[in-house]
Amino acid sequence: MESKTINDVVVSESNHELASSSPSEFEKNQKHYQEIIATLPHKDGWRPKDPFVEYGGHWWLQPLLEGLLHAQKFFKARPNDFFVCSYPKTGTTWLKALTFAIANRSKFDVSTNPLLKRNPHEFVPYIEIDFPFFPSVDVLKDEGNTLFSTHIPYDLLPESVVKSGCKIVYIWRDPKDTFVSMWTFAHKERSQQGPVVSIEEAFDKYCQGLSAYGPYLDHVLGYWKAYQANPDQILFLKYETMRADPLPYVKRLAEFMGYGFTKEEEEGNVVEKVVKLCSFETLKNLEANKGEKDREDRPAVYANSAYFRKGKVGDWQNYLTPEMVARIDGLMEEKFKGTGFLSSKS
């Protein structure tokens with residue numbers, strides 16, 4: 001296999017440049033990333049030993065920022081790649097399962113789909129996490145894999161993702177449910193960085209944009225504007241709308257991906273079978289996603305079960321005060337005023 005050297009880093013010319021590089025090569029670059037990060041503004045995070053770092057107008061946890069810097073420099077997207085983009089806790093796991101099931105339904109029927117045995121995150125790798133930190137996982141070594149994911153804001157995506165013409169699906173969720181899901185999810189992390197702050201303190205930080213991957217509303221708005229400018233390249237979905245009536249959106253997603261369902265498949269209830277396979281209820285109750293079971297391909301700071309809490313719409317009502325609700329609703333109204341977003345059905 002032919003290789004070339006870029007800035008003293010050996011880069012494979014196979015799948016996505018660094019897909020076959022060893023972790024030690026990332027570590028050589030990691031020191032440089034850490035030197036950059038040391039010069040950037042820091043603020044207290046949701047844990048006492050886990051501060052946020054400002055970069056590119058967004059706030060980051062240091063490991064994620066190291067991964068971003070690496071992906072920006074080395075990840076090379078191809079025109080036929082497909083990206084699941086989202087902010088944390090907005091429906092990512094569900095959307096990963098759907099894209100994998102849609103793209104691979106000619107290889108597996110519902111009874112043999114690998115999703116029944118392993119967590120969806122193993123099949124759709126993060127370019128800012130798996131790509132830099134775990135480049136030897138099977139999915140990154142598979143030259144035929146075209147499914148990738150990221151929580152990176154649109155304006156900081158690797159240049160090749162935007163310019164290659166590869167397609168993107170973005171999912172967003174009510175910011176109140178997103179916050180509650182993030183805060184409860186943080187408690188499930190196997191962390192040595194100290195306890196998670198109270199829900200009141202975390203909410204205040206969240207409203208200031210101090211959460212992983214920066215201000216949530218800016219994240220949504222960035223992808224919304226990109227979708228408005230490039231509707232053929234970006235599909236924009238709303239979690240609550242999909243949960244209420246998944247069938248038409250799964251068909252729309254499949255068509256957008258280039259894997260549209262045939263008339264015969266629709267008559268054979270294949271769409272319904274895909275929806276059921278990837279449903280919250282099905283995935284949550286699989287042995288692979290119960291208890292403290294971990295993903296099989298690499299170490300993880302979360303058990304597989306952490307990704308399946310309730311999957312419900314409106315759970316924020318059990319956590320937020322009227323004052324909190326008014327604050328986040330006001331921020332949303334202000335952020336999206338004049339953008340056409342609030343009147344959209346997406």
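Including glycine, each Cβ sits where the backbone N, Cα and C put it.
Under the heading 3'-phosphoadenylyl sulfate binding site, Swiss-Prot lists Lys89, Thr90, Gly91, Thr92, Thr93, Trp94, Arg173, Ser181, Tyr239, Arg309, Lys310, Gly311, citing similarity to another entry as support. Counting every protein chain shown, the number of other Cβ atoms lying within 10 Å of the Cβ of Arg173 (3'-phosphoadenylyl sulfate binding site) is 24. According to DSSP, Arg173 (3'-phosphoadenylyl sulfate binding site) sits in a coil region rather than a helix or strand.
DSSP classifies His151 (active site, proton acceptor) as coil under the three-state reduction. The annotation active site, proton acceptor is assigned in Swiss-Prot to His151 on the grounds of similarity to another entry.
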For the C-alpha pair, I'd like the distance in angstrom between Thr93 (3'-phosphoadenylyl sulfate binding site) and His151 (active site, proton acceptor), rounded off.
12
Can you list, in sequence order, the residues of the same chain other than Lys89, Thr90, Gly91, Thr92, Thr93, Trp94, Arg173, Ser181, Tyr239, Arg309, Lys310, Gly311 whose CB lies within 8 Å of the CB centroid of the 3'-phosphoadenylyl sulfate site?
Asp177
Among Lys89, His151, Lys310 [recorded positions], residue with fewest other Cβ within 10 Å:
Lys310
